[in-house]
Amino acid sequence: MKKLLNELLVTQNNLDAEKILRHPSYDVAQEVKRFSIEDQVILLDKIPVLKSSKILQHLSTEEKYNILIHLSENKAKKLLDLQPIDETVDLLLAVHPEKQAKLMAYLNKITKHNVKKLMAFKPETAGSLVTSDFVAVRGNWSVKMTLKYIREHSENVESISYIYVLDSHGYLKGIVSIHELLLAADEEILSTIMIQEVISVHAEVDQQEVVKKLLNYNLAALPVTTANNEMIGIITFDDVMNVMEAEATEDIQKLGGSEPLNQSYFESSIWSIFFKRLPWLLLLFVAEAYTGTVLKYFEDEIETVVALAFFVPLLVGTGGNTGTQVVATITRAIGIGEVKFKDIFRVMKKEFAIGMLLGLALGVAGLTRAYMLGVGTEVAQVVAITLLFIVIWASLVAAVLPLILRKLKLDPAVVSGPFITTFVDGTGLVIYFMVAKTLLNL
């Protein structure tokens with residue numbers, strides 16, 4: 001592939017361009033990325049426009065913009081016309097307003113109107129994912145007429161898995177799958193074979209609801225309507241895959257104790273990453289100072305029984321690790337709708353039982369370790385009992401906090417591993433030294 005692209009750069013051989021057509025657009029895009037922006041422009045200018053438009057879909061926002069503004073105006077217009085309208089909207093929303101104006105100038109009047117309409121929807125809603133490229137027909141059409149219309153008008157339509165039946169005012173009346181259409185007799189009327197109870201979403205709903213509906217009903221595309229059922233467009237499964245990837249990336253970054261990046265890692269500047277990470281690190285730094293305060297408070301006990309200090313890392317580490325496991329499980333369960341706030345007591349009961357079992361197992365391990373270090377029976381008992389209490393405490397805290405945050409309409413992912421670890425560190429030390437004071441009569 002690389003050799004083929006290099007040859008295409010230095011020659012005007014149409015045969016090389018035709019060979020490119022045989023390769024998947026994704027593979028070509030990955031190789032094109034390796035070239036300088038100047039060479040990328042030359043390559044996409046030489047590759048036929050239909051193939052170029054598909055290659056462009058696999059490039060990043062910044063790469064797309066740089067190529068489009070350096071191409072000839074005629075080629076840039078053709079490429080934008082062939083882009084799925086939802087991807088054009090994503091591109092325009094991602095760039096600076098000045099860059100946005102340059103790209104807008106390349107759009108034809110109809111596309112520009114549709115793009116502006118879709119750009120008006122709030123981010124992370126169903127409306128922000130919509131493409132207005134879909135096949136719309138009338139209920140009084142025959143199957144034969146509909147198939148003829150599809151052949152003539154669906155070349156640039158993103159998905160024809162379903163055909164949408166609208167009335168004269170653009171209201172959604174029903175859908176017909178392409179499978180049903182192909183099996184139906186030519187003379188049948190669409191209104192007699194269409195599904196009237198349509199599964200759809202309103203444009204204002206959160207994008208996670210879209211993901212759930214597409215997955216739960218196993219759909220290839222989902223119609224998006226206004227509150228009064230006027231058809232706006234559709235959301236395809238590949239758009240939802242992008243949402244799922246973005247949501248997973250965001251949650252993972254938050255679970256790591258950092259604000260999510262707005263761009264890919266290499267597209268994000270050092271300063272932008274710095275400012276994303278710093279607030280959380282400062283917050284955790286202040287919270288972690290509480291641990292030092294606890295140690296200072298119990299300074300006399302530590303001086304009396306120095307062996308207590310040996311087990312501080314073991315105990316706080318175990319509590320933090322337990323909390324991190326639980327918060328990851330509960331946050332995921334909340335995300336997929338399996339667990340809700342009304343289940344809080346069920347969750348607490350279950351995590352208490354699991355924490356009890358884990359605490360007993362780790363308590364035995366802690367007791368064994370303490371005996372191996374030769375710190376004496378009393379200190380060994382303190383370690384074992386503390387492990388039991390800390391594991392139960394960490395399990396309950398990590399289970400409850402995400403549910404409370406969701407109830408407060410906050411993102412449960414912010415209860416990240418580092419935050420839980422920091423919180424359990426401090427409270428775990430209090431538990432440890434209170435158990436020690438009680439059992440050792442300090």
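Cβ coordinates are placed from backbone N, Cα and C, and glycine is handled just like the others.
Quick look at what TrEMBL annotates:
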DOMAIN    130-192  domain 'CBS'
DOMAIN    194-250  domain 'CBS'
TRANSMEM  352-373  transmembrane segment
TRANSMEM  379-401  transmembrane segment
TRANSMEM  413-435  transmembrane segment
Structural state census, the domain 'CBS' (194-250) (DSSP three-state): 24 helix, 16 strand, 17 coil
DSSP-derived helix, strand and coil totals, residue by residue, for the domain 'CBS' (130-192): 20 helix, 17 strand, 26 coil
Segment confidence, the domain 'CBS' (130-192), expressed as mean pLDDT: 91
